[in-house]
């Protein structure tokens, strides 16, 4: 049973929107269309861009103790992964309109930058890939 989105913590939202440790890579071109829908990012509108990380939750949590960097918004609670991780970028295609959210799926190996907070200190926001 998934918790209602209203009671979702920032850490739980991060997991829902960005974690997919079940697959090492997303070879299917329809991966983003399926996952964006399954993870509730196409309700009411199409989320324009989203990144899924194909690593264990423990490995992504560990980024919070790696290199401290500035976030895009100027805050100082972002952390960059030491190594490149398997990720999938989902980008809304230019002509796609809600409710027909149609995404381009692209796979990469990149360093991720996440914002971390709380106790335990865990990712709550996906900031960037480099």
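Glycine residues also receive a Cβ, built from the backbone N, Cα and C atoms like all the rest.
Listed in Swiss-Prot for this protein:
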- 18: active site, proton acceptor (ACT_SITE)
- 125: active site, proton donor (ACT_SITE)
- 13, 16, 47, 48, 49, 50, 51, 72, 91: substrate binding site (BINDING)
- 32-90: disulfide bond (DISULFID)
- 46-101: disulfide bond (DISULFID)
- 64-116: disulfide bond (DISULFID)
- 71-78: disulfide bond (DISULFID)
- 40: N-linked glycosylation site (CARBOHYD)
- 1-6: signal peptide (SIGNAL)
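Here the features listed in Swiss-Prot are painted onto the structure.
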{"residue": "18", "record": "active site, proton acceptor", "Cβ within 10 Å": "19"}
{"residue": "32", "record": "disulfide bond", "Cβ within 10 Å": "25"}
{"residue": "46", "record": "disulfide bond", "Cβ within 10 Å": "20"}
{"residue": "51", "record": "substrate binding site", "Cβ within 10 Å": "18"}
{"residue": "64", "record": "disulfide bond", "Cβ within 10 Å": "20"}
{"residue": "71", "record": "disulfide bond", "Cβ within 10 Å": "16"}
{"residue": "90", "record": "disulfide bond", "Cβ within 10 Å": "22"}
{"residue": "91", "record": "substrate binding site", "Cβ within 10 Å": "15"}
{"residue": "101", "record": "disulfide bond", "Cβ within 10 Å": "21"}
{"residue": "116", "record": "disulfide bond", "Cβ within 10 Å": "21"}
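The Cβ of residue 13 (substrate binding site) has 15 other Cβ atoms within 10 Å, all protein chains considered. Straight-line distance linking the Cα atoms of residue 101 (disulfide bond) and residue 47 (substrate binding site), rounded to a whole number, equals 8 Å.
Cβ environment of residue 47 (substrate binding site): 36, 41, 92, 101 lie under 8 Å away, each six or more residues apart in the same chain. Spatial neighbours are here defined as Cα atoms within 10 angstroms of one another, and by that definition residue 51 (substrate binding site) has no neighbours among the recorded positions 40, 64, 71, 78, 116. Cα of residue 71 (disulfide bond) to Cα of residue 91 (substrate binding site): a distance of 21 Å.
Residue 49 (substrate binding site) falls within a strand segment according to DSSP. Nearest neighbour of residue 90 (disulfide bond) by Cα distance, taken over the recorded positions 18, 49, 64, 116, 125: 49. Note: the Cα of the residue listed as 'N-linked glycosylation site' and the Cα of residue 13 (substrate binding site) are spaced 10 Å from each other. When the alpha carbons of residue 64 (disulfide bond) and residue 49 (substrate binding site) are compared, the span between them is 23 angstrom.
For the recorded positions given as 49, 78, the lowest number of other CB atoms within 10 Å of the residue's CB is seen at 49. Here the candidates are the recorded positions 13, 18, 91, 125. The one whose C-alpha lies nearest to that of residue 46 (disulfide bond) is 91. Ranking the recorded positions 78, 91, 116 by Cα distance from residue 32 (disulfide bond) puts 91 first.
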